[in-house]
Amino acid sequence: METSAHPYWPRALALPGYVAGARPGWQCAGAVAAAAAALLALGWALGGAGGVAKGGTKGVAKRSPAQRLVLGWFLLCAGIHGVLEGYFSLRHRELPADTGLLADVCEHRPRQLKGGWGRWVMSDDFTVAMETVTAWAWGPLSFLTFLALLRHHPARYVLQLIVSLGQLYGDILYFATEARAGWTHSDPRPLYFWGYFVGLNGLWVLVPTLLLLDACHQLATAQRGHDRPRHKSH
């Protein structure tokens, strides 16, 4: 099987059987961007109506723009976690030599989203374990959270808290693991390191943190109302 020099870091990383993807990076990035925009738009559109609460109760208050964006966010996360990371968790050993569409997208993902991150293509134990948990736990739970928020299910903020905490924990572990290794698996060029590795991955620190705080606030408010003394009517 033909091999070629790979674009990942560290540059001396051995990837036996590596075959360059058949599609240019801009096509893969464009496909991911288009799919992400479609999922965000779908979540936004579905959140446009006030909705119907669990049990068929109508007249639910109209959602704010922020709440509609949250719907799009969880639908986007369900797609990324379930499709891309799910594919990686099943095919990580074959990925360096795979030239299929999803393989090409996954091949370019560490170069854009991960900033040339070599751990993605070397089947690093931590990366495989973390991506597998992300794919098969946070992927389906992200979709359940989307449905719960859409239907105003009573458990919606519990799900939002669980998923956001899991995403935040995983992303912090990514950064911490790479920091302890001296950032040797990341492209040091400013655009790739700060723009792709830190910037894009930072979204999964910033947004889950905000959603985690929101869920805590909503649950605390509900508990406060539940604990408030009730006056008996005579």
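Cβ coordinates come from backbone N, Cα and C, glycine included.
Pulled from TrEMBL, these are the features on record:
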type	residues	note
TRANSMEM	29-49	transmembrane segment
DOMAIN	66-212	domain 'EXPERA'
TRANSMEM	70-90	transmembrane segment
TRANSMEM	133-150	transmembrane segment
TRANSMEM	157-176	transmembrane segment
TRANSMEM	191-213	transmembrane segment
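Remote same-chain residues near the transmembrane segment (133-150) are listed as 43, 46-47, 51, 67, 70-71, 74-75, 77-78, 81-82, 85-86, 88-89, 156, 159-160, 162-163, 166-167, 170 (criterion: CB distance under 8 Å, separation of at least six residues from the stretch ends). Highest Cβ pair count under 8 Å relative to the transmembrane segment (191-213), across stretches 29-49, 70-90, 157-176: 157-176. Within the chain carrying the transmembrane segment (29-49), a Cβ under 8 angstroms from the stretch's Cβ atoms is held by residues 62-63, 67-69, 71-76, 78-80, 84, 105, 108-109, 112, 146, 149-150, all 6 or more beyond its ends.
Residues of the domain 'EXPERA' (66-212) grouped by DSSP class, helix first, strand second and coil last, total 118 helix, 1 strand, 28 coil.
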